[in-house]
Every structure is written in C-alpha cells, then in structure tokens.
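Notes for the one structure printed next.
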Amino acid sequence: MKKNIGAIEAVMRHHKLMFFFVGVLVLFGVFALVKMPKQEFPTFTIRQGVVVGIYPGATSAQVEEQLAKPLEKFLFTYKEVNREKTYSMSRDGIVYIMVELENNVHNKDEVWSKIKHGISLFKMQLPSGVLAVIANDDFGDTSALLIALESDTRSYRELEDYAEILETKLRLLKSASNFRLYGTQKEQINVYLNREKLAIYGINYKTLAANLFSQGLTTVSGKVETGNSNMPLHFSSIYNSETEVAEQIIYSSPDGTIVKLKDVATITKEYETPKRFTQNNGKKSIILSMEMREGHNIIAYGNDVDEILKEFDTLIPDDVAVQRIADQPKVVETSVQNFLRDLVIAVVIIILIMLILFPLRSAIIASTTIPITVFITLGLMYLLNIPLNTVTLAALIVILGMVVDNSVVVIDGYMEYLEKGVSKWHAAVLSAKNYNGAIFFATFALCSIFLPVLAIFTGIWADFVKHFPWTFSIALVVSYLLSMFYIPILEFLLIKRKTKEKKFNLNTIIQKFYVKGLDATFRYPFITIALTAIFIVVSIVFFFSNDQRMFPNADRDQFAVEIYLPQGTPVGKTKIVADSLYQLLKRDEEIVSITSFIGMSSPRFQTTYAPNIGGENFAQFIVNTTSEQSTIELLDKYTPLYQNYFPNAYVRFKQLDYQLSQNPIEVRLTGNQIGQLKQYSDTLISALSGVESLVWLHTNYEEALPALQVDLNTAEASRLGIVKSLAELELTGYYTGIPVGTVWEADYPLSVIMKTDKHEVNDNPNNVDNKYISTLLPGISVPLRQIADVRPVWHEGQIVRRNGVRTITVLADVKRGYSETATFKEIKGIIENEIAPNLPSDISYSYGGMHEGDMEVVPSIIEVLIIAVLIIFLLLLFKFKKINVALAALLSLSFVLPGTSLGLWITGTPLTLTVILGIISLFGITIRNTILIFEHAEDLRINKKTTARQAAYEAGQRRMVPIFLTSATTAIGIIPMILSNSSLWSPMGIVIFYGTILSMIILVLTLPAMYWKIFQKVKIRDISKKFSNKINLSNQNKYSSDEV
C-alpha cells in the first residue's frame, strides 16, 4: 500500500521548485518596494468643513440671532453632523460655522454634497440682506507642496502671471491636483469723486453710480434669425482701460455741454492697500499650493515637480525666485529612508545576535527568513494596495524579531530530534510537523489580537492604525509558511549532526544560570509569586501616573508662529509686528526661510494643523529650519523671549504635532446670557492665573469692539427721499468704496470702485455725522446729522455657539517643558473646588482641548484591550480545552506591565497611541511564550503522568532557551526604532524592548512555579485519547541515524 506523502515531505522532495518560487516572490518584493505608493502616514479623513454666511452691515449679535441660529438648526437636521463638535463664530457681517461630521462617516463628499444642496434651498428662508452662504468641504485637504514665487521688483500681477505659467506646467502631472494661489492682489480702477464738482454740476451720487454700473453690465442682446442660420448679437465692451472709464460722459446739458467722469473725479489704476497678503523672506510673494491624487507615490511626485521647477527656473527673470516652503515629498522621503535604514540595521543586528547565540549554520538558516519575509510581505502589500508609510514600516520593524521566532522553534526541534538519533530527513519533517500546531496557534493568536483595533477605533484613530494590523499579520503568516516549508529544506541540506560540544556555548551558560534561578523559585514558590504580584501592582500604579499624550509632537525641520493682536486692529499694525519679528528671527543661522501670511492663515500644510480663520489682527509664519533638533532648540530659545515681547500682541511659537485640538487647555462654560458667561469666565481666568505652567489665558469671545451706531430719523429722511439702504450705500462710498463695474484686460479683471476723495478715506470718526447724503432733489445733499443721530457703542467682537448653545471657552497654552497632564490635573482641581460650586444652575462647564481628544480615544483603547484579552482567553480555551489552564495562562499577560512601566519611567516617555500598540504586541509575544511552557508541561503532566512540580520544572528548563532566543531577537531588533528618537515610534519601541526583556525574565522564573501550585492538587483524568496526536518518542527512535 502506498504511503500518503504530506505537504512538507512533498515540498522537500521538490526543494528546487520551492527555492525558485521563493526567489520569484523576493524579486517581486524588490519591485514592489520601488513601485508601491509611499506616504508619511495613512490618508487621514478630516471630517470637518466650514460654512460661511455673509451678512453685510449686521452686528455680531444680529449675525448670531438672524443667521447663525437658523443655519445651526438646519445643519443639525443632518444625522451625519456631530452636533457636540459643531460650533459657530459670529462676527460683524459674517458667521463661520465649523461643521464636524460623525466618525462613522466614510463618504464625506456625498454628505457634503447633500449639505450644499440643502443650503442653496435654505438660503431663501434667511434675511434678504444675507449675500451668500458658502459651504467649504475642502477645509481638511492638506497641501503636498507650497511653492513661493518671490520678488522685490515685480508687481503682484506679474508674479501671478508667472505662477499661472508654473501651474499650467504642473497640471500636466497626472499625480497633481487642486491648485490654489494665495496672497494674490488684484489691481483695480479707483474713481475718487470730488463732491464739490459734483455739486457744481448738480450730479447726484446715486445716479452716477447707477450710470457707471449699467455701462459695465453685460445682458442678453438677442439674436437675428435667418432662414439659414441664427446670428447672435454681441456688444463690444464699453470699458477696456482706465482711460475709457475716465472718458465716460456722465452728464449732458441741453446747450451741448458735456461732463465726463474725469471732470469730477480722479481715476487711477492701482493696488488697494492689501488686507491680506504673503511675504517670503521679507519679499513680496505669491504662494502656490498643490495636492497629490490618492494612490500615487509621493516621492516620485516630488521628483516630477523638481524636474518642472528646474525647467521653469530657466524661463523666469533673475529677480524672481522660486522656493519650496512646505515639502511633503521631502518629509516622506526622509521618513521612509530613515525607517528603511532602521529596518536594515535591525536585520543586521538580529543576524549578528543569531550568530552569537546559535551555531553558525543554524543562525544563517534562521537569519535568511528575515529579508525573505520582509520582501515577500512588501510584494503582498503592493498587491493588496497597502502603501509604504511610517505605520507599515513600524509594523515591519516590530515584527522582525518575531519573524525568526518560528524558525528558531523549528530549528531547535530539529536539533533535538538529531540528538535522539532521528535521521536528518525525518528530523527536518518532524520538526515542522510536530510544531506546526503550536506555531500556527501562536501566529493565529498574534494576528487575532489586533482585530479589535480594526473593529473599534473610529475616525482619525482608525485612519492612523488601519494598516498596522494587516502588515503585522501578513508578515507573521509569511514567516509561518516559511518555517513550515522553507526551513526544513535548509535544515536537511545544511545542518549536520553534532560530533562534539563547543568549548564555549552562550546558551549553555545562560541555561546554567537559569537553572539556579529556577531552583530558587521552586524552593520559595509563594515568595516568588507574591513578589511578582507586588511588582505588577506597583507597575500598575506607575503606569497610570504617567503623563498622557495620545498623539505626540511631530519631528519636523519646521514650525509655525502665530501672531495675535486685539480684535479690530488694522492690518497695518499687524504688519509692523510681523515685520519686526521677522527681522529678529532672520538673524539666526539655524533658520532657512520664513514665509509670512499677514491678515490670513496659511493653507493646511500638515494634516493635523488646521488653518486659523484669520483677520486683520492675525499673522502667521511658516519657519523652516536646518534640522529637527534645530526646531526644538529654536522653540526653546525664542518662545520665552518673544511671546510677550510686543505690546498688545501675543506671539505663539507652535511646534507641529498630531493633535487635532488647537489649544492644549480648554475649559468651556455654556449658558444663555453673554454677560453672565463673561463674568464667570473672568473669574475662571483669575483663578487660573496662579497656575505657573499656563500662558496666554484668554477667551474665544475676544475683546468688545467699538462701533458707531447710526439711528436714522425716519420722518426727516422720508421727507427728503432718503431711505436706509441708500444712506448705507453712500456712507460705504465714503469709507470703503462701491463696486460699479469691471474692466477686462483679456482674462484679467479690473474692478471699478467708486470712492470719496483720497484724503477722506481715513477720516476721523467724529466727522461721520458731517458726511453729506444725497437727497432725491438734484444737486441737493444734507449732512448725516440732519437725518440721523450718530453715537459710539460697544458690542461683542465674536459670539461663539457650540451644539446650538452659547459657549465661552477659556483657552491657554502650556509652557514648554511643563507636563500637560499635570497642568490639567491642577486646573481640574481648581475648577471643581473653587469655580464649579459657585456656578449658577443655568451654566454648565466641560473640558476641551487635549483632554477631550484623549478622552475620546481612551474608552476605545480600554475596549480594545479588554476584547484582546477576551480573544486570547478564547484561543487558550480552544487550545487547552480547560478553563483552569486557560485562566492560568491568561494571568501571564500581566507580566508585560512591569517592563512597560519601567521603560516609560526611565525614559520619561508619555502614554501614547503607539504605546498601546506596543502593549498589544507584548500581549501576543507573552502569550506565545506562555503556550510554549504550558503546552510542554501539560504534555508531561497528562501524557507522561509526571507530577505538576516535575512537569513545570522540566517545561521551564526545556523551553527557556527558545523563549530567551526569540525574546532576545525581538527586543534587540527594536533598538533602531528606539535610537531613531522618533516622538511617534520610539515610545512603542521602548515598550516592546523593556516589556519583552522583563516579561521574559518574570515568565520563565514565575510561570513554572505558578503552574506547579495551581495544578499540584488537580487530579489527572484518563484523556489520553484526546492527545493521541502527540508523537511517541519511542516510535520516533525506530528511524535509524542513517535513514534518508
């Protein structure tokens, strides 16, 4: 009868085919490494957009009541809108509503499309004075590149022309998308009217405005229909330049006298004094922002842009410079190169350790699985459309030590069978076959514990970690398959039977020391278990007392500077402060470039750095430095020096991070009465001013603004034929100007603005009531004081509503070098002891900022850990078929805590999201080691009928070396990640390094003693049939040492 050949034997018989197959997969992995998409991080879905409502002439209170509240109610009818995170900011004439979508929304474009359509219909229900309501869902889009075109000698129009040429060239790239220009300034034709000359000719201001407007208006002019064709009628433009505007006849008398516009006004083409503009290194500039289409390789994208920029540089004059000020391709390339370097170093380190701890041939065999596994994993990632980014690279580094674990176990089994006299062929087959169940189960367990991460995390947290479990699992599965089908071939071909013992064997020395320790724990088992329990309890206390910062600072050669002046400050004063700060900073040799955004915010140049709303009282810098370390040094140096350097201004030096909150400390007071809210917010600020670590305590309601209230005397105004809207329009002409048309120079629009005399533009507020308002009588105007009372008033600079209710937020930053966790605890104590007891019942308080962000993910983390433990328990129950064994094995998970806490404490590392990923990885590593001991002990206790004490002792002795070897490779392989000093990934490396080493020591010393004491009184039932699949070593010995 022909004997059935198993898969492992079949592969070994056709080993050349196996080598060819592995070689093809490795080559495909090399190809994938070059071609696969590369990113710094997985694509984040920013579920925030902004709805802007424009209501000219309305105060912040009117905007809130008449525009913000109706819009909020409408937006809250959409179930996809997260009401608790949606808030509005009502200012004079405008409202910004920051709309947050729920975390379970994955088709945000579809949702925003519905919202936009709904808003277009809802606008009809708003006051007639509301000019526009605009929904911008591109608020979360991140620029891949910011390119500055700068010149001191060229005009804004020339710079814009060059920028458009560059944009046209860049549009040819299939990977490029979403081009935007920032800092552009449009020329306009200003018509400065002379009121005295208008009065001489008896020309009415309103009539003149209507005349000019109608000349620039393009309407339907019809078409001539003939029998053969239709011929549309087109009028040529009336105005093609400012000269033709000046020649416009505005009055003609019966005697033939004509009056042209130039007779009563000065007409000039000029740039308006900009309210928002950009500068690069102190020079006039325009910023081109561009993004990358999803699914492309950002490094290749950056190289393509470089080629176009080099060509473009030859086309522009010498006095125009082009500079990349935010360069995501460069960041990604550096990040990926560093991780690949760490990956190579980790591989080399692990191979060296293997050579030290293992015999040469065994070490070489086990080491070959590392690069093979990595490249095959990269090939599978490419096929599954998993990009290469720091998250997937981190998963590969974490898995390196685990990759060799399976090979170590199989090789160790092979050596054991050789020592028992089994032939090389059968030893190779049996080493894979007999450990297949344990290795498969350990691999399955390690892959399974990350399932809760994919199932429970939502929003940006899910976006961040989504590729980690898949990369981790793919690499483990590849490693398992190699250990089953590739390692046995190499064992048979390369590893010979031992002829004599080496003089020096590190494993033997380690084993001797371990046996002494094991003997001690078995002499004092209860003391051992008690000391372990105390150690774990202490580590839990240390763990929860650690600082917490779920997303750390970003490692960048770049930082931001935000300049805040009081609300209502004109842009000219903001520019003075910004220019002064630029002059102070540019002297530093560590600073490469400074890009200024005056009166505006920059585009989103880093995923989690949300643009500010901006305004004339705001400015922002993007500062590029020589290195990541220089960034930290510059922030430490200049933050205390300049943050309060300028009177009536606060300069905020901001290190880029991965937090979504704009302020680390936020305390919200919610109620209905603004006066009451401001009173208690002042009380809160006063109470918190004693907290040493806090700076820039302020509220989001900003300062009250002065204004002039014009109370129209309707009876007198009506008598003179003056209505409110026309009076407002004429006052607008005095101070800001009225658009009356557009002149087109090819594709360049020039707005025609009718204004008062130049010298009156910055008139004294006390002269407002002396301004003349035209009546219905030709040539007759009356001063404003005749028809209205003008009085000064104060009103809110900004009114904020959150979740449809007025909410004032006290905001603060934490000084550099101080703990944000400790600061929040101190603040919370002050609020709950001093402020909360005195709050009236209609005012509630809550916390925002970093605390809110962390608390959103902490419940999910707890769920993930609980479900991971539950999954491990179910797997153990399935493995051992006994609840008591599964529970005993589950206790070993607590062994990861001492190492975790010790590592975080020694290095001063806060608790981050990557620390949690590290802990979950430790769960898998620890439970794998526990299974190795418990499986051997159970086999001895049940099948060999040994005592619990003997089974535990022998299991510890037999399994210590494989556990030590696999733990050593895992811990040492993670060292490059620690040494990289990455604020994001070093914490995970620290946890895995310390946790693996310490949990291994606790496990091999304590677990055998625990097993002995737990099962010493448990009776053994006759369940030998259940273990009939175990190998009878006496049968194995029938294979002669010469058998092939």
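FYI, residue positions are counted from 1 along the chain as it appears here.
Every residue gets a Cβ built from N, Cα and C, even glycine.
Per TrEMBL, the range carrying the annotation transmembrane segment out of 130-152, 912-934 is 912-934. Check TrEMBL against the ranges 5-26, 885-906 and you find transmembrane segment recorded for 885-906. Tertiary neighbourhood of the transmembrane segment (912-934): same-chain residues 394, 398, 402, 405, 409, 438, 441-442, 445-446, 449-450, 453, 461, 464-465, 468, 472, 549-552, 857, 861, 864-865, 868-869, 872, 876, 879-880, 885, 888-889, 892-893, 895-896, 899-900, 904, 955-956, 959, 962-963, 966-967, 970, 984-985, 987-992, 995-996, 999-1000, 1003-1004, 1007-1008, 1011, selected by CB-CB distance under 8 Å and a gap of 6+ residues from either end. At the 8 Å Cβ threshold, with sequence separation of at least 6, the transmembrane segment (991-1012) lacks contact with the transmembrane segment (339-358), having fewer than 3 such pairs.
A Cβ distance under 8 Å defines the sequence-distant neighbours of the transmembrane segment (339-358), meaning residues of its chain 6+ beyond its ends; these are 364, 366-367, 370-371, 374, 390, 393-394, 396-397, 400-401, 404, 408, 411, 506-507, 965, 968-969, 972-977, 979-980. When Cβ distances are compared across the two stretches, the transmembrane segment (435-462) makes contact with the transmembrane segment (857-878), since 3 or more pairs at least 6 residues apart fall below 8 angstroms. Against the transmembrane segment (960-979), stretch 390-414 has more CB pairs under 8 A than any other of 390-414, 468-494, 857-878, 885-906.
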